[in-house]
């Protein structure tokens, strides 16, 4: 079952302006060390940050709160699998909200997709509640 869907569009040039003006103050307030390391290694630094900004906004919308109720920027973090697929991680208040949304007997799965076409970066986040299936091996032995 779908618990929430969020989307966001970020202007890469605006993010570049914020990076130019506020530098590390902005980076350290919004992005985790992992996100910063990934972004700074990329050819399009601002575009990479913009996609992660959009992902955090989209995730907060999928959680049904936006950036309110104690949820902070760093409570949501994007990393990538070895295949390049983005993965959303939640901690702190965002994790608490996710746990609150997830029905008993289910596990939450966060799906995220990122794209950009200069000057825009976009993210879509969908939160799914997946039923936890009983352990088949345990069921066979009882």
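Glycine residues also receive a Cβ, built from the backbone N, Cα and C atoms like all the rest.
The feature Mg(2+) binding site is assigned by Swiss-Prot to 8, 57. When Cβ atoms from all protein chains are considered, those within 10 Å of residue 8 (Mg(2+) binding site) total 20, not counting its own.
The number of other Cβ atoms within 10 Å of the Cβ belonging to residue 57 (Mg(2+) binding site), over all protein chains shown, comes to 21. Secondary structure at residue 8 (Mg(2+) binding site), as computed by DSSP, is strand.
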